[in-house]
Amino acid sequence: MGQQPAKSMDVRRIEGGELLLNQLAGRMIPKGTVTWSGKFPTIDHLLDHVQTMEEVNTMQQQGAWPAGAGRRLGLTNPTPHETPQPQWTPEEDQKAREAFRRYQEERPPETTTIAPTSPTPWKLQPGDDPLLENKSLLETHPLYQNPEPAVPVIKTPPLKKKKMPGTFGGILAGLIGLLVSFFLLIKILEILRRLDWWWISLSSPKGKMQCAFQDTGAQISPHYVGSCPWGCPGFLWTYLRLFIIFLLILLVAAGLLYLTDNMSIILGKLQWESVSALFSSISSLLPSDQKSLVALIFGLLLIWMTSSSATQTLVTLTQLATLSALFYKN
């Protein structure tokens, strides 16, 4: 009892090889704390590993592995048979080269490739399909003669355009015309008054510049000649003098134009070219929006009403240039 059958020599050799590999593997795998930080092996572990690997390589080179013991290290065939390498003699190598050269020379030439032709467009004829044999039916069908478009076209009556911009432009042009007429009338009267005052100052001494009609009994405050208010008898005489001065200016201008007809044409052309260039440069700086133009004109008018005489002259010239450029632009 308790006796076991005797193990054969092969079994003992396998068990001995496994014990040897277990001992070698134990020396290869470090145990315990590796270092103080637990990351790197010590020098003793490295030396044990190097010594064990040298012993394993020596045993593998000598073929001393026992049968079946190689599976512990993943070696399925510890002593593989070497594959015999072919040995070529110089004569055999020369013969192989000559045979390959003759093959290249006797090889048939490559055939030239033909470019692929584009496929002919396929078109269905009435005789190709029995459903389309009766061509007259297709030609006489109303849908064949007048095919409907893929997208239906809906015809709508044209909408009448609203004339709001034209109405606004007409009102704006009327306001601008009234404004220009007002400014021109004021400036013409101012120029005529200055000429009248200069005429009176030449014909009357400086001490007698008071109006002679203010002592006729009317309750009028003292004033100078040429500045007669409404109600003074000299008011009509003042505007009569202004009218006479205006007629004289027109007569002088007409005489100059009549005497220098050709010169006036040349001067007119030169002046018109310079004025057109000035107006074109000013119109390029004007805003295109009509509301902005109205705001600009009324802003200049406000400055003109609340400023001195010198500023009024400059603003008036600016307004006239702006309005003229606006008409030139339109």
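Just so you know, glycine gets a Cβ as well, placed from its N, Cα and C.
ASN262 is the residue among ASN134, ASN262 that Swiss-Prot labels N-linked glycosylation site. Using a Cβ-Cβ cut-off under 8 Å and counting only residues 6 or more beyond its ends in the same chain, the transmembrane segment (239-259) has close neighbours at 188-189, 192-193, 195-196, 199, 226. Taken through DSSP, the compositional bias 'Basic and acidic residues' (92-109) splits into 15 helix, 0 strand, 3 coil.
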